[in-house]
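Working notes, beginning with the structure itself.
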Amino acid sequence: MTPYDYDLIVIGSGPGGQKAAIAGAKLGKRVAIIDKQEMVGGVCANTGTIPSKTLREAVMFLTGMSQRELYGASYRVKQDITINDLMARTQHVIGREVQVVRAQLHRNGIDLLNGFGRFVDEHTVMVDGAHRGDHTTISGEFIVIATGTTPARPSVVDFDEERILDSDEVFALTEIPSSLVVVGAGVIGIEYASMFAALGTRVTVVEQREKMLDFCDPEIVESLKFHLRDQAVTFRFGEKVVNVEVSQGGTITTLASGKRIPASAVMYSAGRQGTTEKLDLAAAGLEADNRGRLSVDEHYRTPVEHIYAVGDVIGFPALAATSMDQGRLAAYHAFGEPVHDLTALQPIGIYTIPEISYCGATETELTSSAVPYEVGISRYRELARGQIIGDAYGMLKLLVSTVDRKILGVHVFGTGATDLVHIGQAVMGCGGTVDYLVDTVFNYPTLSEAYKIAALDATNKIRALDRFTTR
Ligand SMILES: Cc1cc2nc3c(=O)[nH]c(=O)nc-3n(C[C@H](O)[C@H](O)[C@H](O)COP(=O)(O)OP(=O)(O)OC[C@H]3O[C@@H](n4cnc5c(N)ncnc54)[C@H](O)[C@@H]3O)c2cc1C
Ligand SMILES: NC(=O)c1ccc[n+]([C@@H]2O[C@H](COP(=O)([O-])OP(=O)(O)OC[C@H]3O[C@@H](n4cnc5c(N)ncnc54)[C@H](O)[C@@H]3O)[C@@H](O)[C@H]2O)c1
């Protein structure tokens, strides 16, 4: 027994916090997890990943988007889609997800304390409940901070949750805006821009950088921009929003260049800030950087060694996918359980319409580090499954080493991209070569067959190169 109330206290119940708590409980430890009643499941379940992906699914289904290649441009499942149609599905899925989280915590014997945690000292956390004067103080041998992020809001802008929103407030919309300015072309901005464009909203995206999603394959980003422009999205790159006013009919967004954009609503998706401001970090001997983020070592330990931090609060890559594993690894490390580091091959999935996913290197990275490679491409329109589902634009691209024929990167655009990428990830993770994909029989007709076609394309190009060089 230790002198502490708990072996592990976790602050925040998003993906990172949940997995840290469950990993601790599986090791037989006494664990408490703290979050506000209405936020159990974190940003992920309540305002971020799950609601946005469910909204996307509702948009795809009700607009009939994915069926128009087959039934014509005017095909719709429902003519007048309302915000209630979209929100009904979203609320249902959020409710179910939160139940799953609660049940998992409960059956693992984890105490869920409803309230807001803050440090009293480096082993003690005060939980402020929903009501005034409702406080509990608990102590823990180890503490995991998994408090995530909140949208960054410029102080000069008057957010009113109605016409000027941040990306967490999309679900408070009372109607689908006829026009929308999206400030910031990061992942959140572009995902929502593509959903509203599919609903028929005239979207203008303003981004201060010259490019968007510059960590992705440039060819795929070009394809996405082409699709979005086709859905009446206007891009303003290299432009900065300096002011937003509410006018009688809606909003006016003013750019540094002097342009003024009228729209029914404005959504800010211009980055996020670590939720550490009210944690009283100083009482635990910790401090955050200017974006509210905490620094950690390779074991997710903060400079105060029994306090760990995981998930979005430690910054990049800030994904639900990676946060979960960070939480698990932090708890295992705290209790001396052997762990394997996360593999360097982390997938990226962007749920735009159409979706994007990749794993491994990009062409830009290989070129700048002078790694010779060949590209193999498969287009969905040449796959039987692509024809059957009516996806005429999808593509899968393999980057193959011309030295040892290993797969160096896989980039997918179109239906099922975020699932398909994992075949490439597995082959790369096992050190596989392009020949494995050439010699593998895939189910037919499937989208997975794209791997074989792309692998054949790459090997044909490599053979052509060999022919020229050996003659
Ligand atoms: C719109 C949107 C879409 C996204 N889509 C994807 C996606 O498709 N795929 C993907 O992998 N990732 C996606 N993400 C990112 C993903 O949601 C985050 O990476 C993930 O939620 C981070 O998990 P976390 O453990 O850091 O905690 P979070 O989910 O950020 O939750 C933190 C929790 O801590 C609580 N908290 C904060 N301070 C305290 C305190 N002092 N006391 C008690 N509790 C506190 C909060 O109430 C919150 O519940 C998306 C994010 C957004 C915003
Ligand atoms: N599918 C996914 O995996 C997924 C989906 C959504 C979010 N996320 C995660 O959430 C995190 C936050 O995403 P985000 O999109 O908010 O942040 P971000 O920081 O990636 O993007 C914000 C963008 O806004 C621009 N910007 C800032 N101020 C501006 C201004 N005044 N005018 C014009 N442009 C401006 C910035 O240049 C930047 O490109 C990401 O790190 C991402 O990992 C992941």
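For all residues, glycine too, the Cβ spot is worked out from N, Cα and C.
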Identity of the NAD(+)-site residue among G117, G129, G133, G271 (reference: G184, A185, G186, V187, I188, G189, I190, E191, E207, source: TrEMBL): G271
Count of other CB atoms lying within 10 Å of the CB belonging to E207 (NAD(+) binding site): 23
Segment-level pLDDT (mean, integer) for the domain 'FAD/NAD(P)-binding' (6-327): 96
In sequence order, those binding-site residues of K53, G117, D312 whose CB lies under 6 Å from ligand 2: none
Around the Cβ of I190 (NAD(+) binding site), the count of other Cβ atoms that are within 10 Å: 26
Filtered binding-site residues, from G184, I190, D312, whose Cβ is under 6 Å from an atom of ligand 1: D312
